[in-house]
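**Q** I have a structure I would like to understand better, so I am pasting it below and will then ask my questions one at a time.
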């Protein structure tokens, strides 16, 4: 029996792909292990989105390759975006790699394992526009309180800075009933929060049904008994329908949290990015969400230093941040990616200017975030307990925060509390990216 160890790099979508490969391992030949020292096969699920992600993937591959010297490792397999994009170069430069499986062939993982162990160095890439691949259901013992559920693969946006459509293909939605079935199974086995992900969740359904079906999907998920929170990430602004806004207003399980990657607001920059929206539409969307949905939290990301971004364009972005008062902002300096149209645009920005603009935007947002965080002091929040720090201290999240990227709630309790339970916490203070509080056993 081959012991298989998975290493996952990059975004939460890669986590889901790793789970998929894990569920379709041939149980007669292979089984997953949590101990790298026991592994006969190590599969590194790589990321190739930006330069730093590529470097991390290569560094990890080289580290794993060294395991062949003093561990029982027989086969090193690369999966994911970097493997899809640079298969020839990787096989040539790192001879310790025994096989490559691209983003369109995850269902062939058993074949790749077998061939790699025979020394045949299989490479399965291409076919990125194949029908959405449904895996087996996750093993019950591996199911968590919070689970990510992918609702589609690929992207039709073709933003000029992004390589994803070349690596993941066009948008392919899962059938609605398959998603609902998976979530029901997860909830029956302990999941209380599901996080819906895709390259672009607002495009869900358009390819299968000829209309946007995210609102319909959320409506169906609300009916699942014992599901507590539904969270949606990667909501592109251009297809934020009225039905979706109504769902945020009325769906009792859909948390009041919208992750909307805006990337910029200057019309000049948006056009060069090939974003299908403009500053006025973005401002109107933010106004609508704020006015129609009580306590709505909005997270976004911005790219600074994009080719052709002038100081005036950047000042527009700073002014928008002060106008919108967004709760969570992640900023990135533009990364020139080989094979993207933006890499060939005139007006490339120096690294010094990129870094200066990054620091300015984060400084501008810091004060806003602190103010919004401080507004939670004195309130009682419902918190999902994720960890016990010591005898009386717990760490968790409110509905306004996604795992790993947002605010934590650190609170004390004299009473023993269960990891994975939802409790009421009185917020006493805030500091940087944390809320501090105390368990409020009398709140309902």
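Cβ coordinates are placed from backbone N, Cα and C, and glycine is handled just like the others.
Quick caveat, the model's predicted, so the values are computed rather than measured.
Relevant sequence annotations retrieved from TrEMBL are reproduced here:
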BINDING   11, 47, 81  [4Fe-4S] cluster 1 binding site
BINDING   155, 159, 162  [4Fe-4S] cluster 2 binding site
DOMAIN    2-118  domain 'MTTase N-terminal'
DOMAIN    141-371  domain 'Radical SAM core'
DOMAIN    374-441  domain 'TRAM'
**Q** Please report the number of other Cβ atoms within 10 Å of the Cβ of residue 47 ([4Fe-4S] cluster 1 binding site).
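**A** The answer is 20.
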**Q** Pop the Cα-Cα gap between residue 162 ([4Fe-4S] cluster 2 binding site) and residue 47 ([4Fe-4S] cluster 1 binding site) into the table, whole Å please.
**A** 13
**Q** Give me the mean pLDDT over the domain 'TRAM' (374-441), rounded to a whole number.
**A** 90
**Q** For residue 11 ([4Fe-4S] cluster 1 binding site), name the DSSP secondary structure in the helix/strand/coil scheme.
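**A** Its secondary structure by DSSP: coil.
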**Q** So how many of the residues in the domain 'TRAM' (374-441) end up helix, strand or coil by DSSP?
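**A** Going through the domain 'TRAM' (374-441) residue by residue, I get 1 helix, 36 strand, 31 coil.
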